[in-house]
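Noted in Swiss-Prot for the protein shown:
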BINDING   17, 59, 60, 61, 62, 63, 64, 256, 321, 393  ATP binding site
């Protein structure tokens with residue numbers, strides 16, 4: 001990650017409106033991973049990441065920050081919900097499976113990168129195999145031991161040219177490809193995922209190396225052979241060693257819904273399991289060793305980012321040890337009408353642009369006017385205030401309701417449209433949403 005914190009925030013601004021404190025915190029944390037790797041080896045071991053706790057109502061951008069961060073980081077990244085895990089001894093997944101999943105994500109990411117690097121070599125090899133199938137080598141005549149070239153050189157070059165131009169894409173050929181391992185579905189009780197994976201790998205390896213002849217169109221055959229050749233060029237042992245290093249040094253885990261495992265002050269009973277999940281998370285966040293398919297993974301330098309709405313509990317309801325292991329606290333603010341306006345227009349691939357382009361595929365043109373966008377933002381904010389505050393997700397509900405008739409009749413309307421777009425202004429919004437927004441009972445159930 002060679003991007004500076006300012007560049008990371010700038011990139012996040014393309015997709016997420018507001019929440020500058022949270023963006024700055026994750027940008028600094030991400031940059032610190034790079035800074036740490038520049039230190040001498042001895043000092044590097046002593047520098048541990050400062051984990052982050054993001055607090056804020058639902059729908060304000062906590063999860064979206066995590067999603068965008070994953071794309072920016074180019075590092076092993078895993079997003080999990082805290083509610084999926086149970087205390088050791090209860091039925092369900094244990095928290096160590098987080099690190100096992102992170103190891104799988106790292107291996108997959110590095111394999112994709114390696115295959116991408118080998119793409120050109122794999123394409124050349126695939127091209128040669130297809131040309132061999134199109135122009136089989138001639139058999140030697142009599143007792144001659146001289147090697148026979150695969151097809152006449154000029155003919156081969158002619159076929160190569162036609163293959164690259166796509167003229168042979170629909171021609172069928174018989175080709176030998178690696179046989180897909182039989183998919184073995186193993187049902188196992190929760191918490192036994194590791195054993196299930198090992199058994200599935202065992203069955204997959206049993207059929208490895210077998211080939212079978214298939215009749216395929218050249219376009220499909222080329223993709224299959226290219227992937228097969230690329231996989232053959234990748235050094236699996238080297239890949240596993242690099243993936244292990246990447247997980248330990250650059251891994252990032254985003255734990256969502258952390259507030260759902262917080263012990264609430266006035267309840268008891270099932271909360272024992274919640275507190276147990278927190279206690280199981282402690283050694284993972286503090287630093288422990290977990291057995292994965294890559295080997296033993298040390299979690300000392302994995303960055304943990306936890307987030308939660310905390311509308312039924314408080315951060316202080318988390319066990320004190322866990323609070324101490326999440327030293328950086330960032331509060332995300334509830335959205336204002338102005339924020340809703342910006343969400344509708346400013347981000348890359350904003351909601352209004354998505355609907356405009358979707359309907360354009362039917363030949364129907366719609367235009368969102370400024371007063372229309374302002375009115376949608378006002379209604380979204382009002383409904384959130386009157387009923388449950390679900391943040392920016394309210395806009396999805398409103399826009400679906402607003403454009404329901406247009407979406408349903410898009411093909412018919414496109415035929416009648418005389419070059420004039422359908423204009424979504426304040427009057428149009430009031431006509432379709434005004435009554436629902438005013439009636440609290442209706443908005444509670446429909447919006």
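Placement of Cβ uses the backbone N, Cα and C atoms for every residue, glycine included.
Recorded features from Swiss-Prot, shown on the structure.
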{"residue": "17", "record": "ATP binding site", "Cβ within 10 Å": "21"}
{"residue": "60", "record": "ATP binding site", "Cβ within 10 Å": "26"}
{"residue": "62", "record": "ATP binding site", "Cβ within 10 Å": "26"}
{"residue": "64", "record": "ATP binding site", "Cβ within 10 Å": "17"}
{"residue": "321", "record": "ATP binding site", "Cβ within 10 Å": "14"}
Seminar exercise, completed: The largest Cα to Cα distance in Å among the residues 17, 59, 60, 61, 62, 63, 64, 256, 321, 393, listed in the record as binding ATP, is 34
Exercise. Any idea what DSSP makes of residue 60 (ATP binding site), helix, strand or coil?
Worked result: coil
Exercise. Using DSSP and three states only, what is residue 17 (ATP binding site)?
Worked result: coil
Exercise. Can you check what DSSP calls residue 321 (ATP binding site), collapsed to helix, strand or coil?
Worked result: helix
